[in-house]
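Record features (Swiss-Prot):
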BINDING   Asn65, Asn94, 122-124, 135-142, 352-354  ATP binding site
BINDING   Glu438, Asp515  Mg(2+) 1 binding site
BINDING   Asp515, Asp517  Mg(2+) 2 binding site
DOMAIN    681-1097  domain 'Topo IIA-type catalytic'
SITE      Arg770  site 'Transition state stabilizer'
ACT_SITE  Tyr771  active site, O-(5'-phospho-DNA)-tyrosine intermediate
REGION    952-961  region 'Interaction with DNA'
Amino acid sequence: MAEAHKYKKLTPIEHVLTRPEMYIGSLDTTATPMFIYDEQKGHMVWETVKLNHGLLKIVDEILLNASDNISNRSARMTYIRVTITDTGEITIENDGAGIPIVRSREHKLYIPEMVFGHLLTSSNYDDDNQNAVAGRHGYGAKLTNILSLSFSVCCRTNGREFHMSWQDHMRKATAPRVSNVGTKEKNVTRVKFLPDYERFGMKEKKISNDMKRVLYKRIMDLSAMFPNIQITLNGSSFGFKSFKDYATLYSAMTPKGEKPPPPYVYESKSGCVAFIPSVVPGVRRMFGVVNGVVTYNGGTHCNAAQDILTGCLDGVERELKKENKVMDTNRVLRHFTILVFLVQVQPKFDSQNKARLVSTPTMPRVPRQDVMKYLLRMPFLEAHVSTITGQLAQELNKEIGTGRRMSSKTLLTSITKLVDATSTRRDPKHTRTLIVTEGDSAKALAQNSLSSDQKRYTGVFPLRGKLLNVRNKNLKRLRNCKELQELFCALGLELDKDYTDADELRYQRILIMTDQDADGSHIKGLVINAFESLWPSLLVRNPGFISIFSTPIVKARLRDKSVVSFFSMKEFHKWQRSNANTPYTCKYYKGLGTSTTAEGKEYFKDMEKHTMRLLVDRSDHKLLDNVFDSQEVEWRKDWMTKANAFTGEVDIDRSKKMLTVTDFVHKEMVHFALVGNARALAHSVDGLKPSQRKIIWALMRRSGNEAAKVAQLSGYISEASAFHHGETSLQETMIKMAQSFTGGNNVNLLVPEGQFGSRQQLGNDHAAPRYIFTKLSKVARLLFPSEDDPLLDYIVEEGQQVEPNHYVPILPLLLCNGSVGIGFGFSSNIPPFHRLDVSAAVRAMISGERAKSVVRRLVPWAVGFQGEIRRGPEGEFIAVGTYTYCKGGRVHVTELPWTCSVEAFREHISYLATKDIVNRIADYSGANHVDIDVEVAQGAVNTYAECESELGLTQRIHINGTVFSPNGTLSPLESDLTPVLQWHYDRRLDLYKKRRQRNLTLLEQELAREKSTLKFVQHFGAGHIDFANATEATLEKVCSKLGLVRVDDSFDYILRKPITFYTKTSFENLLKKIAETERRIEALKKTTPVQLWLGELDQFDRFFQDHEKKMVEAILKERRQRSPPSDLLPGLQQPRLEVEEAKGGKKFEMRVQVRKYVPPPTKRGAGGRSDGDGGATAAGAAAAVGGRGEKKGPGRAGGVRRMVLDALAKRVTRLLPRLLF
């Protein structure tokens, strides 16, 4: 009970006075750089002034009350008058609608008395009201009253006048005086107050000169926001006729007297945006106002305005690229100051301070073309624009432009993989051709198949590795692409040369020879893109300079030993349909390496038969820009979304000898794009990518489920499922599917036996595939019941049935495990959710709740995570690690966001150590638990929010989903996962209906067979069948006569029984079996599809409840015990924030709950207000010996002295807590 006196309950007024920083910011005066108006220079300057945020805020609250009255259209407002006396008394008066002078029926108080003298009174609580005002929380003017020595108000509204005054920080008040005045008297609201300057640290008890300048600038900002209202300070107006007048004040001459260009200003009803250029580059600065509120910390509106400018600069950059120029956008941005003044409906700020806008702004529709034209006129732009035909192009020409003049010997030594044509003489009968192959195996096929005569005028060059996209003449990227450099060198090309024909090159044609798959299409596209980007005239003026060599993808061998070749799967399938009764065997040629040398000789025997000439038109430049330019993301998204659902087929007629760029892009490149997305993006129903689906399917059909090495299993899976993309990628996929640590998989479909990775590196620390074992986990068959298998739609590859198009698990696995993937133009980042919450979501759907309502209650989570999920300022989710802050600066970190590895955290701490924020780290973490001690430097963090931010203990969780819908089309979901839940629910319920009907049919067929068998046995037992003299024909006649059921058009299931089947024991067993089958049929008839689903969900839930319990126990067992409460600093501990109330769905509550957003606290002492805190004592000791705050002395001696004092301060800081406690 001795500690009871420490606990106090404060009144609201006492709380504001005791903790004012929670409401208005710091009361301390600090040196703050900001825009300020310089009366002598007549324009704005960026200057450091002594600013008191709290004093500015209480004045601002009354100013904003006045400006909010502008939106009240019941009476026109014409002026706001501000007066500041020498003693510091401030008066703010405005006309307009005024405050109603009536008593509240509910509270029996006059409305002005409530508005100015009772906390939490406001007229802005109606969120349906579309007024653009600054007030929101009901504190405003009351905070000014509480923090003032005197406060009085006079309201004159509609013929009545109200007077009332307060003293002693709103604790004492006079009685309200109400009188009648003439109805013609103008409405007025006048507030007069004297701030408690001493409380704001101003010993002279009056306003400082710097604060007068700050308030002058603040009132000037308000005048710019509302130029139609006469706003004056001490009787003087600012004279702004428009926002442009105000924006011009930010333009300043250089020290050399250079005049800056005029600002770009755009004004609209929703606000104004200005881009103010400066001749000399500086630091990027932005200044924003929302409904009169100056957002000193920026916010979403400032970011949006900068995005507009950046987007326009990007547009300028694209235009310059067409002129063979490049621009340094970041350097150009440093020339601009951005102003954004917005009028917003119901704006949301990060706190009562309103220093940062967090809601999505409605920006003025700035005409971007006008801004681009404006930017192109900037005189400083030229300094940041350069041609790419400068030094880099010259250096590259030295490497790739001298090939034409190189001797064969020089080429032999410089490009070792080039097999050059054996003759250098030109033959008019034959075009000198360079065959460009995909890899060495294709090179071998070409080289081994060419005849001796063909080798005289044909060279071969293999492309190894991935080519780079050099669109827009990106020579920096070209410099990093050795493959293209050597190709251009072999051809003898020179950069920036306009070729009229190809005769001056070493080869007059290149023939691209790649695999007939999506990767081959990509290589063709990159080669075409490189030549069209760097030498467009060469392709336009020389049709067929780039040609495509096609080889069969399928060969069908008929009974007469004739062979039919097919160059596309579409062509093959068409032939199959028209020759359905023709017997044949087929061979698939996915890669060029499949072809034999004999087949290769056959191809090259008639080379032109297999060659398609590429025709390029000047208009194709724009189309290739859309496909390969990094800026054209939206076009590519639209391109692929409009494409048909992925079928795995290329729709190009290979019989034609000409191929246009348009056909290539829309029929072959789109094939690569869709295949790439199919590999990278998950299916909405089963949450799997094709490689994962192949692994599951192959392991399910594997006999037995014994663990095997990952390296061995990859070979089996690759063969069984017709996987064509290398066993290494398959092994990596298997390892990821087996990872079960926090942040790995919430549901691991494979079992990890060995080192499959840990939280140390988020799985990247796994052992080699040849050392680790895996097998299918038990949960796989819980999610994918074997009874589903016959009802799924399977893919046919190379003539064999492989994995399903997609599985239909009992839960949407995409929500359980999440999915991350980067495709072609699309990406996906879906976080995982608690698997039992996903189960509860499905149950809620079954009970009739709408998917949208259910998804709103789902909160991201990783199994084993010991932290919490908070709501962010913009409604997003934030994963937060856990720590305890101990005396002496020791921070015991016990959890990290699951997307942060322990190693990444250690690297971050190492960086903080270089900044003197952290002194040391002790890591006790294991494979799946976090246990780290960090010693933080004294004074480095002052609030829990700073501690979380500095140590990197928070991580925003982004939801941006693009998935394949049930019908196979790309479906961008953005942040709404409702379709995933709905699609899965529809498909799974439909599958249960089909499964129930199928099982019922199978049971009825089984019962008919059993009853037929019983009837035959009874007939035999009665002596009606003489087996000794019967033939098969007579027995079949007996069965037919008895009306027995046939199976596969025979009675073998009865007639092939062993003699022991006719014993009494077998007869009794048969009767029992029939009774059991009848019972199962009746039970299944009474069971609905929903009941089947719920039964399987129950099994899943029981399995994972036990699994999670064991996992959490193991984590807690490994971790060290927490520090005792006596060692903790209360002021720096993480708060237990209030849980958001879930809307609807009370029947199915979620395990994971999100905590409400609370604005981060402002700075305060590390140890709170307690005098006994070790942190506070250490800070005082550090200050006593010099510490961080001491100014540097002059010269070398001062620097040495400071180093000694700093070292001494650190030692005292570490030792004092041990001595005192």
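Keep in mind that glycine also has a Cβ here, set from the backbone N, Cα and C atoms.
Sequence features, as recorded in Swiss-Prot, placed on the structure.
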residue	record	Cβ neighbours (10 Å)
Asn65	ATP binding site	22
Ser122	ATP binding site	18
Gly140	ATP binding site	27
Lys142	ATP binding site	26
Asn353	ATP binding site	23
Glu438	Mg(2+) 1 binding site	23
Asp515	Mg(2+) 1 binding site	23
Asp517	Mg(2+) 2 binding site	19
Arg770	site 'Transition state stabilizer'	10
Tyr771	active site, O-(5'-phospho-DNA)-tyrosine intermediate	12
Between Asp517 (Mg(2+) 2 binding site) and Asn353 (ATP binding site): CA-CA distance (Å): 60
For the region 'Interaction with DNA' (952-961), the number of residues DSSP places in helix, strand and coil: 0 helix, 6 strand, 4 coil
Stretch-averaged pLDDT - the region 'Interaction with DNA' (952-961): 90
Cα-to-Cα gap, Asp517 (Mg(2+) 2 binding site) vs Tyr771 (active site, O-(5'-phospho-DNA)-tyrosine intermediate), nearest whole Å: 33
Asp515 (Mg(2+) 1 binding site) to Tyr771 (active site, O-(5'-phospho-DNA)-tyrosine intermediate) - Cα separation in whole Å: 33
Arg770 (site 'Transition state stabilizer') versus Glu438 (Mg(2+) 1 binding site) - Cα distance in angstrom: 29
Arg770 (site 'Transition state stabilizer') versus binding-site residues Asn65, Gly140, Lys142 - nearest by Cα: Gly140
Pairwise Cα distance for Asn65 (ATP binding site)/Tyr771 (active site, O-(5'-phospho-DNA)-tyrosine intermediate) [Å, integer]: 71
Cα-Cα distance linking Lys142 (ATP binding site) and Tyr771 (active site, O-(5'-phospho-DNA)-tyrosine intermediate), given in Å to the nearest integer: 70
